[in-house]
Amino acid sequence: MGCAPSIHISERLVAEDAPSPAAPPLSSGGPRLPQGQKTAALPRTRGAGLLESELRDGSGKKVAVADVQFGPMRFHQDQLQVLLVFTKEDNQCNGFCRACEKAGFKCTVTKEAQAVLACFLDKHHDIIIIDHRNPRQLDAEALCRSIRSSKLSENTVIVGVVRRVDREELSVMPFISAGFTRRYVENPNIMACYNELLQLEFGEVRSQLKLRACNSVFTALENSEDAIEITSEDRFIQYANPAFETTMGYQSGELIGKELGEVPINEKKADLLDTINSCIRIGKEWQGIYYAKKKNGDNIQQNVKIIPVIGQGGKIRHYVSIIRVCNGNNKAEKISECVQSDTHTDNQTGKHKDRRKGSLDVKAVASRATEVSSQRRHSSMARIHSMTIEAPITKVINIINAAQESSPMPVTEALDRVLEILRTTELYSPQFGAKDDDPHANDLVGGLMSDGLRRLSGNEYVLSTKNTQMVSSNIITPISLDDVPPRIARAMENEEYWDFDIFELEAATHNRPLIYLGLKMFARFGICEFLHCSESTLRSWLQIIEANYHSSNPYHNSTHSADVLHATAYFLSKERIKETLDPIDEVAALIAATIHDVDHPGRTNSFLCNAGSELAILYNDTAVLESHHAALAFQLTTGDDKCNIFKNMERNDYRTLRQGIIDMVLATEMTKHFEHVNKFVNSINKPLATLEENGETDKNQEVINTMLRTPENRTLIKRMLIKCADVSNPCRPLQYCIEWAARISEEYFSQTDEEKQQGLPVVMPVFDRNTCSIPKSQISFIDYFITDMFDAWDAFVDLPDLMQHLDNNFKYWKGLDEMKLRNLRPPPE
């Protein structure tokens, strides 16, 4: 159907960088069209396959416009078409005509209202500009409603030209209700019209173009065989495709707008729901098997994938759920996806599936696989069947093997490398290659992170045995905190601060600082109240624990234990830790810090294993000292009722506390150092950073607290806490850092001397007292073990003072090393 005879259309090309024919000056009087020209259609010149549009800026310079990008979708914007509806030619009409010419838009002008709809249905204009200044000559609002009545106008931008008025502005709601997109206050200036068109092109028109593209996306959703559901961040259902309705037995009208919680679910899966929510609330996808209830009450097993969608403000605005029913009626692909997904769910929930049900599932899958054996190789299906009964890592390897069969060669080779890594025993511990330029680092790694080489000569190293009982001291043990001598009380005045002087307390207590600092620290945290024990019982316990530290050790003595206890208490007082840990966690941390090196012989695990010591034999060369510290501490505690701080606890509380203490003491073993740090970074730091980027809202804070307070994450936090407390010497003020470096070096020197005397392997050759560079050893220790761990801990707890000390101390050791000095301090000037 053509346009009315009154509509005249002509087309011509605009020469590049050439002035428009008969272009009028940009005067306030407005432009005039050449005599007899009613319309102008000005197509942009475009070569075949051109991916950029061209328009001109105010100076006539060509401007490139990229294709429209809509998510992962890219499409080209055709030359825009503009329909001008003016009852007479005036300056405003001519201004828009010339602006269209300047912008390179096709322009059509019509004067008769009755011809507008027919013309629009023929051309499908992107922009319609209607003269709204003379209602008696042209009822613009009625015309707009008429256009909007056509479904084809859904994505059309309609602009109304209104008069400039001096009186008070009226509401534009009637204007919008009529169907107008926006209004334009009359201004015939060509540049004003041109700028308005550009704003429309890159604003409303571009947005409508994207909305129009959504039709193809919705078409795909509506015709998808997968059931798809979209909900808001508050879990209100916004969309459900026909496959979802068919699967669940609901109609769209029953679901749209309803809260997800109102839809019947299997209440027995509360733990699974918690797992799902904890995953998707931090922006991670979740996939697994989920049992839902249909409208008619039937249970249905689904392979569900839930994808959080980030929207405005970087926050999660929608959740997309893609659902497949695991009914085995169709293809082997669906079978494999269901089984693989079920595997993922097992890992997520951490629960064993019912053995009987599991075997039924295996038989069902095997039966279905027989029907489709021609579609998939038997080897793939055999691997997939085994997933339901194998260990998690085996399931992962099987899934990768199955994926390799249909992957191109580069992907297959990359997956081979992944499998090679997965088959190693230490997934979280980095592999260290020998560094020729850093023998100190090599020796530290070998000496602290291995159990040594077993000596086969038959010679055995026997630790000096002593009775595990209280050792007499030349100082008076206090009856209570109120009975502490004045000098010792003064030495403990600043125990709440990080720069607390532990060496002053050591001197005041004649090398027995643990009992005094322990009494004060435990009182501050209310440990006696939690354990339901008296202060005298706690005092006796601290006495027997301290008595079993070797005062002859330069480093691993009760002063080190008191220092670790102080650091632990300092960390526990930080706000993030107080919000995360429970009282029982605090008690476990303080007790673990107190006992973590009890009866330490002043030798490393590697030394004991190489020497064939009684402890190494007892603990099978695995975490020898750490196992001994924990076991002996509980033997000492429970062996005498007078010092048994656990005697009044409920059995379940005691078991939980004991487990927490042992876990923290074992975490101080350096062979697991990188495993603990990497797990903390991946499970705590990274998810926390993602959540905190979303802003500090009450809802977001609740998600953070829920994530941090899971038992698994609290365990990781406690391990990291005691690890950092145990090796915090490089983060102490410089004078204390130097003293600790002197003590640990002397202990290592003594071990090297004994290894040479007994003909044992020397596990740390650089710690030879005649040749060792203490600055180099400190630099290597900080580089390899301290920096990354404290960066992660600081990101979680916020410890600016410690990080400043660490930086200062590193610079100090670096300066000594650059001066080729091997001692603790520079020579006096």
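Every residue, even glycine, has its Cβ placed from backbone N, Cα and C.
Straight from Swiss-Prot, the features:
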BINDING   His560, His596, Asp597, Asp726  divalent metal cation 1 binding site
BINDING   Asp597  divalent metal cation 2 binding site
DOMAIN    287-329  domain 'PAC'
DOMAIN    480-820  domain 'PDEase'
MOD_RES   Ser20  phosphoserine
MOD_RES   Ser359  phosphoserine
MOD_RES   Ser386  phosphoserine
MOD_RES   Ser457  phosphoserine
MOD_RES   Tyr461  phosphotyrosine
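Known features from Swiss-Prot, placed on the structure.
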| residue | record | DSSP class |
| --- | --- | --- |
| His560 | divalent metal cation 1 binding site | helix |
| His596 | divalent metal cation 1 binding site | coil |
| Asp726 | divalent metal cation 1 binding site | helix |
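Mean model confidence for the domain 'PAC' (287-329) is a pLDDT of 80. When Cβ neighbours within 10 Å are tallied across all protein chains shown, the highest count among the binding-site residues His560, His596 belongs to His596. Apart from His560, His596, Asp597, Asp726, the residues listed for divalent metal cation 1, the same chain places the Cβ atoms of His556, Ser561, Val564, Ala593, His600, Thr668 within 8 Å of the centroid of those Cβ atoms. Counted with DSSP, the domain 'PAC' (287-329) comes out as 3 helix, 29 strand, 11 coil. Remark: Asp726 (divalent metal cation 1 binding site) has Val564, His596, Thr668 as non-local neighbours, by Cβ distance under 8 Å and separation of at least 6 in sequence. The local packing around Asp597 (divalent metal cation 1 binding site), expressed as other Cβ atoms within 10 Å of its Cβ over all shown chains, amounts to 24.
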